Ligand SMILES: *[C@@H]1O[C@H](CO)[C@@H](O)[C@H](O)[C@H]1NC(C)=O
Ligand SMILES: *[C@@H]1O[C@H](CO)[C@@H](O)[C@H](O)[C@H]1NC(C)=O
Ligand SMILES: *[C@@H]1O[C@H](CO)[C@@H](O)[C@H](O)[C@H]1NC(C)=O
């Protein structure tokens, strides 16, 4: 497992944010080049000599120091300073898949990176170079398995090994070695990574790992042609839900449809052999998914044309994003003449470390930079803003309301709560808020069975476990005790007023 340790080094999470999604245009050189520049803006660690994004500096140089492993390097999640979550591994898989299927020109640029749509702690608004937030590192090991994250990373590496094969065979081989190790680990030690990673993992909750195991095995089969991987997806077809579920979703959390479509290709290429019967079952699900997706697209397209709006499907998508839209604006930052200038990105919104040498602290970042009406001082080339909505409006806006955290809880209680709104956005007429509640241990006395009552919760909640009783939650099993003076937090997202949190009982 020594080698795999280095791979796990990539699973470093700290905490941060961006309200943007990132997209890639496989057709147009400049837009693609801008997109790839985005990855450069996200680099962590010591920057290489050929770094083109000059407003960034070295950062996160002691990552892993406390844990006695070298975790320096990698990419930040998005506008924040988290490294490598589940959505990012998925993005790499998808980027590789795009490259394998369509993107020779993309690989000619000889670059590859990670993207994500991270979200987490809004408490600090600062440059990566000034980071003072704790660089907590989380590691998966045999006692703390994470089949979803390890499986997705195995899939990413197997797919990337295929994408890189024509360009650098030794790199491709190395990726494959790690992909196999990771898959072995993911399969042998089963568990959800969110059960292994503490309180901080709120936003990368995956709903299961069976799909990632099938997905990883499928990519490994494609990359190695080793039949044992095909046998794996066939043997586990029913138990892991590969042929049982007709899913309606393909996302970083759910890859069944991708598995089904990749396996259909094996069948269509005439490579089914002894596994043909089961592969046909996979294909039946792929047909179902594709036809319902096609149906939904057709219906949606009708609705949109009735409303004189635009359907942005893959072909037309690029032109729309690049400026063929009623606002004549590019939704890719830095592309064209007219593009978003207030992108929600910490590094971009604060003056560069090379022009403003003094440290911009956590709170100062909010006060002096986050709320500034002027354009971002740095251009995060290649970032694609969230939206646009049906009126072609997009999220070019970082000053979200942020309420100060105020403690509340009755005197005499062993814990205190701090509530803050860390983000907000609007869908239709409804304003949604991301609420973060920090639980702080005020007592020295041993407390067990702390139960919290949460009333008026209408949205989703991360970071607490439900109990059998309605509205009653407990600390997740892996936390059990909050050390005196320390804290842990949970998050919920909902429209309308906030939920009411109180201590229900404890012993
Ligand atoms: C190929 O990848 C290896 C890492 O495995 C790297 O050291 C080498 O520089 C790469 N070669 C080229 C031509 O990019
Ligand atoms: C607070 O800390 C004390 C001392 O470690 C511990 O006994 C107690 O259970 C903690 N309370 C909570 C709610 O975790
Ligand atoms: C909050 O929940 C309580 C019961 O748990 C209910 O009586 C009350 O109407 C709710 N308030 C709102 C604003 O939904």
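Just so it is clear, glycine is given a Cβ too, placed from its N, Cα and C backbone atoms.
Taken from TrEMBL as is:
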- 344: active site (ACT_SITE)
- 389-400: compositional bias 'Basic and acidic residues' (COMPBIAS)
- 415-495: domain 'Carbohydrate binding' (DOMAIN)
- 386-406: region 'Disordered' (REGION)
- 1-23: signal peptide (SIGNAL)
Rounded mean pLDDT for the residues that make up the domain 'Carbohydrate binding' (415-495):
84
As a quick check of your reading of DSSP, tell me how many residues in the domain 'Carbohydrate binding' (415-495) are helical, how many are strand and how many are coil.
0 helix, 47 strand, 34 coil
Please give me the CB contact count at 10 A for residue 344 (active site), counting all chains in the structure.
27
Is the residue listed as 'active site' helix, strand or coil when read with DSSP?
coil
